[in-house]
Amino acid sequence: MQSIDLRGVSCPTNFVMAKLELEDIEAGTTVEFLLDDGEPVKNVPRSLKDEGHKLLGLQEREGYYVLTLEKGED
Amino acid sequence: MAEQKIDLKNLKAGGFIKERGKDLFTVRLRVPGGRLSVDRLSKIAEVAQKYGKGFVHLSVRQSIELININFNDFDAVVAELGEEQQKVASCGARVRVPTACGGCEYNPNGLVDTQKSALEVDQKLFGTATGHHKFKVCFAGCPFDCPKSAINDVGFQGAVWPKLDADGCISCGLCAKSCTEGALSMGADKKPVFDADKCIYCGDCIKVCPTGAWSAEKKGYTVRIGGKWGRRPLVGTLYATFVPEERVVDFIAVVLAWYQEKAEGAGRVRLGDIIIREGWQSLLERLRGDFPEYVVRETIAPQIIQTQLPLTGRQA
């Protein structure tokens, strides 16, 4: 599974970077994003859901989060 | 990483805010002190017409916001606004664009040049990452306080301390009549008597005096710190008086440094809540180091405004 590290990237740059990455990925593919705690983990999953992607899971690791999602249709 | 289609540097200071619709953002513009030239306004209208929804929104903090901007157009929007030196504002945990009233060049109530202060703060501190939460600064030109200084993280309010030239006083009594705070009364010798404990530094006595017998002995900003609005509003409290206009940026920088340090590890928390946690003495002492002649002897904690929510003991 492709893993995209957005740790250390502040809002809204992290979301825009996630969008750009998803543009090159086929619909139905599962991807994971590494996100910082705080605003990034509150904002990015919500925004990606609004864009039509399916959120599959969010897991806390040591000091950060792993968001798994399935890319939606363009 | 995918091929970069847009310039991510444009996003660094924030100001691009996700909307509900796919690919759509609100673009908040940087309008320090709420003032912009007609040329800039025309350019904003042109860009809004070309890339936006057909309207703009005036934010409550003196920004113009472009609505429904597709993220693929970010670079074009930034470039076209830049033709008139219009920049994008900030959001998130950063020093925000300072707000200000009209200032003193044309407003008869103005005591200090709030527009100049707002521009200076915007130039030197805009977008500084706080590491914790938003950080709002405003400038009010006088105690009418239209920008609501006490609900900003650091709020400045123009102030003058009056002095009387008794020989120049013609005993008209206008100053005592104009002083709504009751700090002035007419004495037995038909000269004004000043009760310093009641003066709020508004300068009404100076403005109304027909002979110029009242003048400003000192002038600057009253500073309140720790205010905010939102879910849990706080009113900021008094930390300094008559801070000179040229020391405003340094003053904010000290508050910001204290906030960054004391809120370490506390997450997304505003300055006022950190003051409540740490005690007002800590910040006051820090400021006293650099501004001994201006900080007050003591203050009080930011004042909690009771909003009556949540309702306790019953369902909504």
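Each Cβ is built from the backbone N, Cα and C atoms, and glycine gets one as well.
When DSSP labels each residue, the domain '4Fe-4S ferredoxin-type' (B:160-189) comes out as 8 helix, 8 strand, 14 coil, counted as helix, strand and coil in that order. TrEMBL lists B:160-189 (among others) with the feature domain '4Fe-4S ferredoxin-type'.
Annotation comment: TrEMBL describes B:190-219 (among others) as domain '4Fe-4S ferredoxin-type'. Long-range contacts of the domain '4Fe-4S ferredoxin-type' (B:190-219) within the same chain: residues 108, 111-112, 142-143, 158-176, 178-184, 241-242, each at least 6 residues beyond the stretch ends and with a Cβ under 8 Å from a Cβ of the stretch.
When the domain '4Fe-4S ferredoxin-type' (B:190-219) is classified with DSSP, helix, strand and coil residues number 8 helix, 9 strand, 13 coil.
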